[in-house]
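Annotation source Swiss-Prot lists transmembrane segment at 28-48, 52-72, 100-120, 122-142, 149-169, 176-196, 220-240, 241-261, 282-302, citing sequence analysis.
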Amino acid sequence: MVTATHSHPVGRVRHLARQYAALTKPRVTQLAVFCAIIGMFLATPGMVPWRVLIGGGAGIWLLAGAAFAINCLVEQKIDALMRRTAWRPSATGEITTTQTLIFSAVLGGAGMWLLHVFANDLTMWLTFATFLGYAVVYTILLKPATPQNIVIGGLSGAMPPALGWAAVANDVPAEAWFLVLIIFTWTPPHFWALALYRRADYAKSGLPMLPITHGEKYTLLNILLYTLVMIAATLLPFVYGMSGYIYLASALVLGAWFLKYSWTMYRNYSDQLAQRAFRFSILYLSLLFAALLIDHYFKFVPQI
């Protein structure tokens, strides 16, 4: 049934635009693009050229959205079974398979063009490889096959800082890979916290998520261990000399905060605590990368 709001042409267009936007998972895309932009700024001692910042950032945004649209398409039947995702237009059938494919192709093509014109071909192909890694390797091959899907497939989700760095420098040095490693090690504890408090949903989906295949306590142990590995990874920018004491202090404080969540969950789990830990993990990554940016321009390293 068409509601009064959607019966008006303008209302229908707005509603349809929101539905298409939902396919791109805007909140996840925003975090990815934020990390990519931080990578851009870290790649240069000065200001990022505006054409790269805007054109390159938009290109990465569009290709990320294209990958998420394919993810929604592939998982539409699974999403329909889960309370968290049943509202997605791909799951409800409001946007068809053909429409989703065309939408993804348009976003992907536009993103490739923007990166070619405003950044460089290295960034274009790296971003396209990231698109394939998420949309094909992770979504189609790994996610339904192994409870370690988020670990093995996490590289594609960790690539944005390297993409941003490449857009400015036309190179991906060790410093960029340190940023990738941070997100790579952050992803498992971030996602498994969600999988724990949504495990009833995932049990209905049939996906082999770690809390379903190995149980709550094993998952909590893995969250704790990966948190420790993540904290170690966050120290690499300081050890390597790319960041100073402002970043180090931020990384240690934020890491201790993250570890407190992981340890408390391990000792006394509750779904409410896991939900808070999941939400904090997003704030954690945002603040950590913001600290990298601040430190980059106001680096404090005491003279020895």
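Even glycines carry a Cβ here, placed using N, Cα and C.
Here the transmembrane segment (176-196) has long-range neighbours at 35, 38-39, 42-43, 150-151, 154-155, 157-162, 165-166, 202, 209-211, 216, 219-220, 222-223, 226-227, 229-230, 233-234, 236-237, 240, 242, 258, 262, 265, 269, 271, 274-275, 277-278, 281-282, 284-285, 288-289, 292, meaning same-chain residues at least 6 beyond its ends whose C-beta is under 8 angstroms from one of its own. Contact check: the transmembrane segment (282-302) against the transmembrane segment (28-48) gives at least three Cβ pairs closer than 8 Å, residues 6 or more apart, which meets the contact criterion. Under the criterion of 3 or more C-beta pairs below 8 Å, with sequence separation of 6 or more, the transmembrane segment (149-169) and the transmembrane segment (241-261) do not qualify as touching, having fewer than 3 such pairs.
Residues 56, 59-60, 63-64, 66-68, 70-71, 74-75, 108, 111-112, 115-116, 149, 152-153, 155-157, 159, 162-163, 166-167, 170-172 of the same chain lie 6 or more positions beyond the ends of the transmembrane segment (122-142) yet place their CB under 8 Å from a CB of it.
Panel annotation: around the transmembrane segment (100-120), residues 20, 23-24, 51-52, 54-56, 58-63, 65-67, 69-70, 72-73, 90, 127-128, 131, 166-167, 170 of the same chain, lying at least six beyond its termini, place a Cβ under 8 Å from a Cβ of the stretch. Same-chain residues lying 6 or more positions outside the transmembrane segment (52-72) and placing a CB less than 8 Å from one of its CB atoms are 23-25, 28-29, 32-33, 36-37, 40, 79, 88-91, 100, 103-105, 107-108, 110-115, 117-119, 123-124, 127-128, 130-131, 134-136, 139, 156, 160, 163-164, 167-168.
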